[in-house]
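Listed in TrEMBL:
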- 407-424: compositional bias 'Polar residues' (COMPBIAS)
- 13-329: domain 'Acyltransferase 3' (DOMAIN)
- 406-428: region 'Disordered' (REGION)
- 38-59: transmembrane segment (TRANSMEM)
- 80-100: transmembrane segment (TRANSMEM)
- 143-164: transmembrane segment (TRANSMEM)
- 176-195: transmembrane segment (TRANSMEM)
- 207-226: transmembrane segment (TRANSMEM)
- 238-256: transmembrane segment (TRANSMEM)
- 262-285: transmembrane segment (TRANSMEM)
- 306-323: transmembrane segment (TRANSMEM)
- 329-350: transmembrane segment (TRANSMEM)
- 371-389: transmembrane segment (TRANSMEM)
Amino acid sequence: MEQQKAPKRRYITGFDGLRALAVLGVIGFHLWPDRIVGGWLGVPLFFILSGYLITDLLIQEYEQTGHIKVISFWVRRLKRLMPALFTMLLLTSVVIFWYFKPLLYNLRAIISTNLIYIYNFWAIKHGGSYFDQWNHPSPFTHLWSLSIEGQFYLLWPIIVLILMKLKFSRRKIGGGLMLGAAISAILMAILYSSTNLNRVYYGTDTRMFAVLLGTALAFVWPSNRFKLVIKPTVKRSLDLIGWVGLLIVALAIFTLNGQWAFTYYGGMFLITLIMVVLVAITAHPASAFSKILNQSFLRYLGTRSYSIYLYQLPVFVLYSHWIHRPVQLVDIVIELVWVLVLAEISYRYIEKVFKSSRFWHNIPTNGGPQIYAAGLLFLIVSGTHALMLPQTGQQPPKTKLEHRLTKNQQQLKQANRKAQQAEKQANRPVKVEPALLDQYAINEQQYQKLQNLPISAVGDSLLLNAGPNLQKVMPQMTVDAQIGRQVTDVINIIKTLKEQNNLADQVLITSGTNGTVSKDQIKQVMEIVGKHRTVYWVNDFAERNWVAGNNQNLLQVASRHSNLKIVNWDVTAKQHMEWLGRDQVHPNPTGSVEYTKTILRSILKTGKNQ
């Protein structure tokens, strides 16, 4: 009996355009995280497209053949995805081995977990935050999403086969999948923690709602049941909804910060629902909106979106390490050219070659096999050698700065306990220490004032770095500082301190080096603190894209709040770069004293004017 074959499925014009928009969003976020703050939303769009297309394919296969060839599906997916991923991992490992050995740490675990599609689980515990790529940037952080897709491809054909065999109606299956998506979104809200986003951002259970919504759409909006000709009013409605949806998604890409609590309490889910509508309208063949997304430029990027996604972050991270200076516009152009060249090579000579069932026939005959063999041999030998090095299986060693910050953290815990006791003995004469007067350039009267000044300090690693110096002069200061802390965490801590009646009348904040600080967030701090407390906010100095915007936002809000005082470390640091450590962000021991003096001057100046 002749084997029944499923007819070729209709190619959905416009989906390449959506893929292009998704990968452009991700690239934009990695290049300009302060401007394209929601560019990470490109990943949920990829998830929806995968969920829809794979489910639509499996349903049609079952309807036309009465069965789903699960193993054949797995083989096709592996041939489609693994060669390009494997090549990128090997190539990046080789480049790291030859030129960027400090990035070798954890490489063995990163490579192995990616090859079996469980990297997202490893990243939850060991990986850095997706939104903090400055402390320990990794060229592999973005690969967490491929692991979730790999897990989906492993289980989903079996689940679809069972659902189809049980003969549930499409509507019931779609409803059940939407319920599953809602549960996933609820889990995201329940498990959200402002101090560590890894669990909710990388977790399969908390991110699966985008994939499930795509699968639900395939059951209720199948691509093979659309009418090619529809009423003009219906067509106009579809196009209007499509444009409105695209506008909302574009707005979210520029505004939805991945570090906001709102994002995880429904914001991401809401935008994902809108993107599902966008996918649904694009899938309809009668939609003019779909044809617009099928422009040649978007189609070019869309067909190569997988390889572009693979190579963009390795290029950005490794190039930044190579130049040893802030990235400028010309550097961004060079980076993008590298990404496109590598993606084109990957698409033509890896993706397209291995896509065929007899991929060896696609290798060019004029020296092609020899070139492929030589290139593969070089990558395998060099990559294997890199992975065999001892440090590839270890955590990176702590830098001098990290050792100092760890030591400071322990000192601050003890000093905070003493600060609480010192508050009970406030306004008592204090024995003057001449060495401190000289070190911090203050007189005896100022010293007495600072020694009796209760102050709540909340901030990031800059505060952690300077905390012991500050507490020498202000023993009644309590310090809550943490590496990589974002302004959202600062807001929550200040709110908690106020609710517990532990917020002093003087509040010191260091926040903004690790991410954007919006005017609304600064206003939120001022609302929590109230009009009767004084806030000393240290502005930022760092060669990072968002710093200038943060400092400008501080100035604008301070002009409307007389109790917000800006400690101008930015100007001081620019004039004395020798006070900064190797990262050109954290002050060295000498700079830490100067950082402390800058804060003290601001506090004393304010006290004198009051």
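A Cβ is built for glycine as well, from the same backbone N, Cα and C atoms used for every other residue.
No curator has checked TrEMBL annotations; they are predicted automatically.
The transmembrane segment (207-226) makes no contact with the transmembrane segment (80-100): fewer than 3 of their CB pairs lie within 8 A, with pairs spaced 6 or more apart in sequence.
The stretches the transmembrane segment (38-59) and the transmembrane segment (329-350) are not in mutual contact, being linked by fewer than three Cβ pairs under 8 Å (pairs 6 or more apart in sequence). Among residues of the same chain six or more beyond the transmembrane segment (306-323), those with a C-beta under 8 A of the stretch's C-beta atoms are 23, 26-27, 30-31, 46, 81, 84-85, 88, 92, 95-96, 99-100, 103, 133, 137-142, 331, 334-335, 338-340, 342-344, 346-347, 350-351. Simply put, out of 80-100, 143-164, 262-285, 329-350, 262-285 has the most Cβ pairs sitting under 8 Å from the transmembrane segment (238-256). When pLDDT values are averaged over the domain 'Acyltransferase 3' (13-329), the model yields 93. When Cβ-Cβ distances below 8 Å are used as the criterion, the transmembrane segment (262-285) is approached by residues 10, 12-15, 17-18, 38, 41, 44-45, 48-49, 52, 181, 185, 188-189, 192, 197, 200, 209-210, 213-214, 217, 221, 223, 226, 228, 238-239, 241-242, 245-246, 248-249, 252, 256, 293 of the same chain, each at least six residues removed from its ends. Within the chain carrying the transmembrane segment (329-350), a Cβ under 8 angstroms from the stretch's Cβ atoms is held by residues 27, 31, 83-84, 87-88, 303-304, 306-308, 310-312, 315-316, 319, 323, 372, all 6 or more beyond its ends.
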